[in-house]
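Trainee: Quick one: the structure is below, and I'll ask about it shortly.
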Amino acid sequence: MKRTCLAIILAAGESTRMKSSMSKVLHPVAGRPMIAHVVESLVNASISSAALVLGRDADAVKSAAARNDIELSACLQKERLGTGHAVLAAKDAIAKGYDDILVVFGDTPLLTAAPLLAARQGLADGNDVVVIGFQTADPTGYGRLIVENGALLAIREQKDATEDEKKITYCNGGLMAINGARALELLGKIGNANAKGEYYLTDIVEIVRAEGGKAIAVEAPETELTGCNNRAELAAIEAIWQKRRRHEMMVSGVSMIAPETVFLSFDTQIAQDVLIEPNVVFGPGVTVESGAIIHAFSHLEGAHVSNGATVGPYARLRPGANLGPDSKVGNFCEVKKAEIGAGAKVNHLTYIGDAFVGEKTNIGAGTITCNYDGVNKHITRIGANAFIGSNSSLVAPVSVGDGALVASGSVITEDVPSDAVAFGRARQEIKPGRAKILRERYQAEKAAKKK
Ligand code: UD1
Ligand code: CA
């Protein structure tokens, strides 16, 4: 689209019903603030300028919304006098002159580019105001769209609606496009003579018509415009978001056995031919390459899983875990800030943190990299084709060379050269017959006590 556009994001609400110490638009959906989802929909609709209308937590909301592919300005709405008043808080930005002004709400994280593009298309077609509406089974609380012969005559807020108007199920989704050349003039005419005593943005429809302008409504799916007022709605929105993203992933070639038990983040990237077993949680920053398997009950965050690698069941990958091709991190293992080389195996009950594990190395059950001395973190380097015996502690900073072997139960505090064997434990002693002697002594002591 050649036309220029300014999006105005209304986010000055008090968020009273969230019962929260922070603005509702900061509450996360799929691991990032709601406001960031709204901004992403703008970017996806190729909109490059937006003005945020803010109230509480202005600085935090501004930084949560910021990204480098859209120019954001912030305006403070000092008093909350209604949506019409809120849009005018962005007066200076509007005055810069844009073809299209698009008003969106900060609390609709399920919004996609499609309704934004449809609204702008309506302006390009010669309308002055385009409202995105939706059909709903329960219109209570929404502004009703009064449409006649394809023209939008008015939006009637719930409190001002007649009984007949209340029966209308076609509602205002809150998303509106306004002819930029007329926006300030029209917005300036909005008054507050209504049941709530608020400046209703929705009055702009009757105002523009009275001046001979054209207004229409365009329908979009209800989910796209779902707003969030309390935490139950937040959870419902999260569920819709998850369902939508899982579906996108499955149709693009990811297998999920029980998709409803898999939780994704906004930026989770999973390639084709990955299998995700039930009950897996992806925190932010995870990429999984083709052919990998994520077994049940695993939790991944800030991790990269290469081609053909397997994770879990019951594995935890923390930020900086980087699993090489065909490597394996098995049950009850935790990996943090560590490279696991191609074909290496970390199979059971192990913690690998701040470490490098070389190709094809085998880490025995119960191995711990002791990376923290209570003050600083230290690095463990393990070469390729090494073998770490079960129940070993590698006290960092320490290194184990290529092909080296660490005896089971060792506490390794000094570097192990390549191809060496390291014993870091007391040698075994055998005392023939001693067990029998001890057993008889203990039995005698017990019998003496009973008397
Ligand atoms: C609004 C619409 C209604 C529509 C509904 C869709 C108006 C008058 N009504 O009603 O037609 O069906 O949304 O959800 O526009 N805000 C501010 N400053 C204000 C007032 C509101 O920033 O002074 C922000 C809120 O934070 C919110 C948005 O604007 O993000 C909508 O405000 P809200 O009070 O929720 O409007 P509704 O009564 O739901
Ligand atoms: Ca609302």
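Each Cβ is built from the backbone N, Cα and C atoms, and glycine gets one as well.
According to TrEMBL, the protein carries these features:
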ACT_SITE  HIS348  active site, proton acceptor
BINDING   10-13, LYS24, GLN77, 82-83, GLY143, GLU157, ASN172, ASN229, ARG318, LYS336, TYR351, ASN362  UDP-N-acetyl-alpha-D-glucosamine binding site
BINDING   ASP107, ASN229  Mg(2+) binding site
BINDING   ALA365, ASN371, TYR372, SER390, SER408, ARG425  acetyl-CoA binding site
DOMAIN    7-143  domain 'MobA-like NTP transferase'
REGION    1-231  region 'Pyrophosphorylase'
REGION    232-252  region 'Linker'
REGION    253-451  region 'N-acetyltransferase'
Trainee: Reported as an integer number of Å, what is the Cα distance between LEU10 (UDP-N-acetyl-alpha-D-glucosamine binding site) and SER408 (acetyl-CoA binding site)?
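Mentor: The separation of the Cα atoms works out to 62 Å.
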Trainee: Expressed to the nearest Å, what is the distance separating ALA12 (UDP-N-acetyl-alpha-D-glucosamine binding site) and TYR372 (acetyl-CoA binding site) at their Cα atoms?
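Mentor: Between the alpha carbons of ALA12 (UDP-N-acetyl-alpha-D-glucosamine binding site) and TYR372 (acetyl-CoA binding site) there are 45 Å.
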Trainee: Measuring Cβ to any atom of ligand 1 with a strict under-6 Å cutoff, which of the binding-site residues ASN172, TYR351, ASN371 qualify?
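Mentor: Result: ASN172.
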Trainee: Near ALA365 (acetyl-CoA binding site) in space, meaning Cα within 10 angstroms, which of the recorded positions do we find among LYS24, GLY82, ASP107, ARG318, HIS348?
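Mentor: Close recorded positions: HIS348.
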Trainee: Neighbour count, 10 Å Cβ-Cβ cut-off, for ASP107 (Mg(2+) binding site): what number do you get?
Mentor: 27
Trainee: In the domain 'MobA-like NTP transferase' (7-143), how many residues does DSSP put in helix, strand and coil?
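Mentor: So the domain 'MobA-like NTP transferase' (7-143) is made up of 48 helix, 36 strand, 53 coil.
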Trainee: If I restrict to non-local contacts, at least six residues apart, and a C-beta distance under 8 angstroms, what lies near ASN229 (Mg(2+) binding site) in its own chain?
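Mentor: ASN229 (Mg(2+) binding site) has long-range Cβ partners ARG17, MET18, LYS24, ASP107.
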Trainee: Just how many other Cβ atoms lie inside 10 Å of the Cβ on LYS24 (UDP-N-acetyl-alpha-D-glucosamine binding site)?
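Mentor: The answer is 28.
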Trainee: At the level of the C-alpha atoms, what whole-angstrom distance separates TYR372 (acetyl-CoA binding site) and HIS348 (active site, proton acceptor)?
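Mentor: On Cα coordinates alone, these residues lie 21 Å apart.
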Trainee: What is the one among the binding-site residues ASN172, SER390, SER408 whose Cβ has the most other Cβ atoms less than or equal to 10 Å away?
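Mentor: Max Cβ neighbours within 10 Å, all protein chains included: ASN172.
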Trainee: Which three-state DSSP class does TYR351 (UDP-N-acetyl-alpha-D-glucosamine binding site) fall into?
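Mentor: Assignment for TYR351 (UDP-N-acetyl-alpha-D-glucosamine binding site) reads strand.
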Trainee: What are the DSSP helix/strand/coil residue counts across the region 'Linker' (232-252)?
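Mentor: Taking the region 'Linker' (232-252) as a whole: 20 helix, 0 strand, 1 coil.
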Trainee: Cα-Cα, whole number of Å: TYR351 (UDP-N-acetyl-alpha-D-glucosamine binding site) versus ASN371 (acetyl-CoA binding site)?
Mentor: 10
